[in-house]
Amino acid sequence: MEAARALRLLLVVCGCLALPPLAEPVCPERCDCQHPQHLLCTNRGLRVVPKTSSLPSPHDVLTYSLGGNFITNITAFDFHRLGQLRRLDLQYNQIRSLHPKTFEKLSRLEELYLGNNLLQALAPGTLAPLRKLRILYANGNEISRLSRGSFEGLESLVKLRLDGNALGALPDAVFAPLGNLLYLHLESNRIRFLGKNAFAQLGKLRFLNLSANELQPSLRHAATFAPLRSLSSLILSANNLQHLGPRIFQHLPRLGLLSLRGNQLTHLAPEAFWGLEALRELRLEGNRLSQLPTALLEPLHSLEALDLSGNELSALHPATFGHLGRLRELSLRNNALSALSGDIFAASPALYRLDLDGNGWTCDCRLRGLKRWMGDWHSQGRLLTVFVQCRHPPALRGKYLDYLDDQQLQNGSCADPSPSASLTADRRRQPLPTAAGEEMTPPAGLAEELPPQPQLQQQGRFLAGVAWDGAARELVGNRSALRLSRRGPGLQQPSPSVAAAAGPAPQSLDLHKKPQRGRPTRADPALAEPTPTASPGSAPSPAGDPWQRATKHRLGTEHQERAAQSDGGAGLPPLVSDPCDFNKFILCNLTVEAVGADSASVRWAVREHRSPRPLGGARFRLLFDRFGQQPKFHRFVYLPESSDSATLRELRGDTPYLVCVEGVLGGRVCPVAPRDHCAGLVTLPEAGSRGGVDYQLLTLALLTVNALLVLLALAAWASRWLRRKLRARRKGGAPVHVRHMYSTRRPLRSMGTGVSADFSGFQSHRPRTTVCALSEADLIEFPCDRFMDSAGGGAGGSLRREDRLLQRFAD
């Protein structure tokens, strides 16, 4: 036995010694190979490329990541076994050179990342084997020169990044092999000169970034960008450009984004943007532009966003934006603007974002048109965040243009010291004749609002052939201006008497020129001019005189105000100019009159009051929305003046709504929500439609069902409990002698004594009836039937049963 055991031990030791050595690890050291197709060696502190000879199947590797290490050199054999590689990442290393045969075996490589290394050049032919390469990152290196052979063989390249290098120039046709290139990044280099053929053969290029370079101060050669017929984005920001020549971008018909921000542009040729019909975004912020040629933006019919912030613009011609019908965003922030014409944005109805902050606005009569335009747009709920803050004059410094009236804007700063302007003003103040031959001097407060009127040479009468229909005062928000219009289309021929009194018309005036007509607005009926009555000694004037009407209205208003001040306001309604006071004291009794399935009518009352003349009558804004909707009151309606009711339509049936009303004075509303003038309503269900869900009835039905389920559960539990009780009773109905058999109330000794005494004299030859005649003192009573089962066994059976009883009940 001992010899057998020794033999077995010897065999085991020999077998262990004969085993082959353990195989080397499959994954290269410090790398992660959890997925057989991805070899991850990023941020592992490597100084050389790991050997891939230990990989069982290196041809299966598709992605190889070596970024974030300290690799300085790439040899010719580092990737020669990775023939199926698709993506190679070598970013953020210290690679200074690439062996010419580094990528010789990587014919299927599609993405190569060489960014943020120390490469100084791309040797010709190094990238030639990469026929299927689509993405090449060589950004953040020290590449200072490029040659045409640097990109030879890269016909499939789509994106090329060369930003963050030290390139000083682009040789002609350097990108010619890249016929399918779509994205080219050349920003943050030192490029000073762009050759005429620098971008040759790049007909498919869509994105070109040349920002943060050192381009020459002027771009004059349109041939530089001529090959880029498909270019959609061109970024030339942060260069030293000072001048743009005419039609420099005329060969870019598909250009949609042009960025020239952060340059030193001081002058733009009027035709600088000629040919850019598809341009949608133009960025000119951060330059030194002091003016814009009137025709500069005329070709940009598709322009949607224009940024002119951070320049030195001091004035803009009213027709500067006249051809930008699709303009949506405009920034004039941080310029030197002091005034703008009210019609400068009239041709841009789609404008929804406008920035006018950071300018030195002078709030005088030159801003009346802009104030009128802003009031119109604010009344439509548009451009609500656009504000013009006054900087001059000192009395209005810090105030907003929206909250100023025309009297505050007429502060004497509009007078032009030039002789022509003073002459024009004097002519406006010359006595004007009425139709009856009277002469009247216009008031000083209204003289500047009217254009110079046509007059006869050395005469003070109206021009023959022109009939004036009086002055109609426009009151839109807080604007008031006199409008002189001609009655009927064209020119009306006067009566013979008027023509004779007027004399012949001068031949130098063109009578066929159509007058300019503004947009009609609703006039305030409460402030309409009274009809002048003719004096007994003068001829009747059907058309009236504009200055006479304006003077009468103004004098009447001033007389009422002076009378109110003299008698303490007795007999005159209160003068209200603040929208909050109007809501608090004048507006009252908002009630709901009628409610339908899709409409509702509300009515309110307005106490008697007076409004300042420049502000005009009070308008109303009705806010309504579904109850509990967030955000609140995103729907509202502006109502005309003198309105006391409104009907809301297109409501939703069987829905609660909250309706509020507030006053609008001079285009302003109270910043405090109108909580005191709100009413709730519930629209009726739609007729003919199926009734909606009655949630009360549904809740009651669900409660009833739940109660029934609870009752059923209780009934099931009660029935089960009763069954158990009945079973227990049935088991409790067993014979008395069985219950006494399992009773432990009496001691076993007395029970055994009685049994042994009674059964000690048992004899088998005695009749069996005597066996059943036991004494009443016995603990257990055995019925006679219990002893009948052994009768068939004869005497032997009785003896065996007796023996068992004696053994069981023995003392």
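Using N, Cα and C of the backbone, Cβ positions are placed for all residues, glycine too.
These numbers come from a predicted model, not from an experiment.
According to Swiss-Prot, the compositional bias 'Low complexity' annotation covers 492-508 (among others).
The feature compositional bias 'Low complexity' is assigned by Swiss-Prot to 530-544 (among others).
Within 10 Å of the C-beta atom of Asn73 (N-linked glycosylation site) sit 16 other C-beta atoms, taking all shown protein chains into account. Look at Swiss-Prot and you will find Asn73 (among others) tagged as N-linked glycosylation site.
Asn209 (N-linked glycosylation site) is surrounded by 20 other CB atoms, counting those within 10 A of its CB over all protein chains shown. Feature annotation from Swiss-Prot assigns N-linked glycosylation site to Asn209 (among others).
Long-range Cβ contacts of Asn589 (N-linked glycosylation site) within its own chain (separation 6+, distance under 8 Å): Arg603, Trp604, Ala605. Sequence annotations record features per position, and here Swiss-Prot assigns N-linked glycosylation site to Asn589 (among others) based on sequence analysis.
The region 'Disordered' feature in Swiss-Prot is assigned to 484-549.
Through the fold, the repeat 'LRR 1' (61-81) approaches residues 36-49, 52-53, 55, 87-106, 113 of its own chain, all at least 6 residues removed from its boundaries and within a Cβ separation under 8 Å. Per Swiss-Prot, repeat 'LRR 1' is recorded for 61-81.
Looking at the repeat 'LRR 4' (132-153) alone, the prediction's average pLDDT is 94. Marked as repeat 'LRR 4' by Swiss-Prot: 132-153.
Taken from Swiss-Prot, the feature repeat 'LRR 12' applies to 326-347. Beyond the repeat 'LRR 12' (326-347), the same-chain residues lying 6 or more positions past its ends with a Cβ under 8 Å from any Cβ of the stretch are 285, 290, 301-316, 318, 320, 353-362, 364, 366-373, 392.
According to Swiss-Prot, the topological domain 'Extracellular' annotation covers 26-696.
Taken from Swiss-Prot, the feature transmembrane segment covers 697-717.
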Summary of DSSP states over the repeat 'LRR 4' (132-153), given as helix, strand and coil counts: 4 helix, 3 strand, 15 coil
Integer Å distance between the CA atoms belonging to Asn209 (N-linked glycosylation site) and Asn73 (N-linked glycosylation site): 31
